[in-house]
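J.: Residues annotated as repeat 'ANK 1' in Swiss-Prot: 54-83. Residues annotated as repeat 'ANK 2' in Swiss-Prot: 129-158. Positions annotated as repeat 'ANK 3' by Swiss-Prot: 261-290. Here Swiss-Prot flags 292-321 as repeat 'ANK 4'. What Swiss-Prot lists as repeat 'ANK 5' is 322-352.
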Amino acid sequence: MFSLQDLCRKNTFFLPNDFSKHTLQRLGLYWKEHGSVHRIEKDSIMIQNELVLSINDALQLAGEEGDTDVVQLLLLWEGNLHYAIIGALKTENYNLVCEYHSQIQDWHILLPLIQDPETFEKCHDLSLGCDLICLLQHAVKCDMLSILVKYKEDLLNVRIRHRTQSLFVLACENRRFEIIEWIGQNLSIPEPEAIFSIAIVTKDVELFSLGYKIIFDYMQRQGIFQLTNVVRMLLLNRHIGMAIEKGLLPFILETLKYGGSVKRALSYAVIDNKRKIIDYLVRHENIPRGTIERLLHLAVKKQSSRKTLNLLLSYINYKVKNVKKLLEHVVKYNSTLVIRILLEKKKNLLDATLTRYVKDSTYFQVKEFMQDFSISPEKFIKIAVREKRNVLIKGISEDIWENPAERIRNLKQIVCTIKYESGRQFLINIIHTIYQSYSLKPEEILKLATFYVKHNATTHFKDLCKYLWLNRGTESKKLFLECLEIADEKEFPDIKSIVSEYINYLFTAGAITKEEIMQVYALEYAMY
């Protein structure tokens, strides 16, 4: 038989305003004390053409009122029966509950949908065979702290006190922080350490920190905070070891906030070859030089990896006497690896140390280091270019090469050895500032111009061209032709454009012929 309810279930539309209450009742689209009801979307209804509710909210309301007709209608519209039963339980409309009881296989499924603790408990009571512990477990899962508070005395009872541990673990696994804190303040937890293991496995720093709050608050309430300092440090050190093993830096930092030993953390990190942790702690915890040396000795003793040893070595300025002191330790533990690093890779060690000097030290400190280790100017300047320390480059190069022309010649040679473009341009900029600060001989300026062309230093080349044209005029003809040839060969269009402009000036001044231009690049300048 044709059913209007079926039609409404398949379609969304507005009811005509002229439908009477009697008509709506006959159609089954009238909700007592609310008015007309119709479906407007897949999961929404409208009451009296005004109020919009989700189907499940409407089901819960209908369940509270015990209106089985509306419940049936909303179920036709794909509502969730669980909400109707929750509503019925709230107002104790057990007739409706009994009507649909057989359709519920497991009453625990409804519990996460319930916000009211009384209704929560009523629903759980329908699960035959379940006890108080089952109720408390689901209360923890669903974050129903008020239920645990209600049964606090039962939890303190010696008969079920041992179940506190399982509730505590369950709360930790489900991140129920309020419940965890309440248990810590009100109940006795046999093994509170479980919170830290769970936090590390799940990488939950917030849970990890809460564990310390629970334990240390308990110690303070009991007046044993100072008496158990040794136990406290053992606890912190154990957690540092757990965090180091998993490589969890945020957990280590959290432990340090509660009094953990940074030296212990570094020792564990050295043994486990956790280089990122070592590097972070050394840089952010102001670790003394002596401590780093002891860590290096520990790394030798524990046969740490090459990368760990190299990292520790890079923090220290190792002059000859320091290396000899270290060798005494490595020989004692027969660490051939570190011997190979120091003897075979000494160059790399110096590079790493020099890089740190260039990055963080003053001109005088860098100069002293270069003298102590006979560091070549070229090596220093290439590192300084990488770190963008132009002041150091100018100072050291001026100190080594007093003559500006010699300084520029040596810096130009270094430019040719730098493999990355940004580094070459950085050093070329420094060369140009030297040129601007001194009066160079014409032949040096001409060499500098061709150097700029070869490295596509457009701005600096343009600056030199202006100087050459103003001061040498047509005497620069040979230079411009040479620069044109280089620019064309290397395909530097901006340089070619600049050179072409000055060749045009030369041509206009009669200082250059069409034939001379075409000898260089006939096709490019056939227009002449």
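Cβ from N, Cα, C; glycine included.
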J.: Near the repeat 'ANK 2' (129-158), which same-chain residues lie under 8 Å Cβ to Cβ, leaving out any that are not at least 6 residues past its ends?
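T.: Tertiary neighbours of the repeat 'ANK 2' (129-158) are 108, 111-112, 114, 117, 120-121, 164, 166-167, 170-171, 174, 176, 178-179, 182-183, 186-187.
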J.: Determine how many residues of the repeat 'ANK 1' (54-83) DSSP places in helix, in strand and in coil.
T.: 23 helix, 1 strand, 6 coil
J.: Looking only at the repeat 'ANK 4' (292-321), how are its residues distributed among DSSP helix, strand and coil?
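T.: Secondary-structure breakdown of the repeat 'ANK 4' (292-321): 21 helix, 0 strand, 9 coil.
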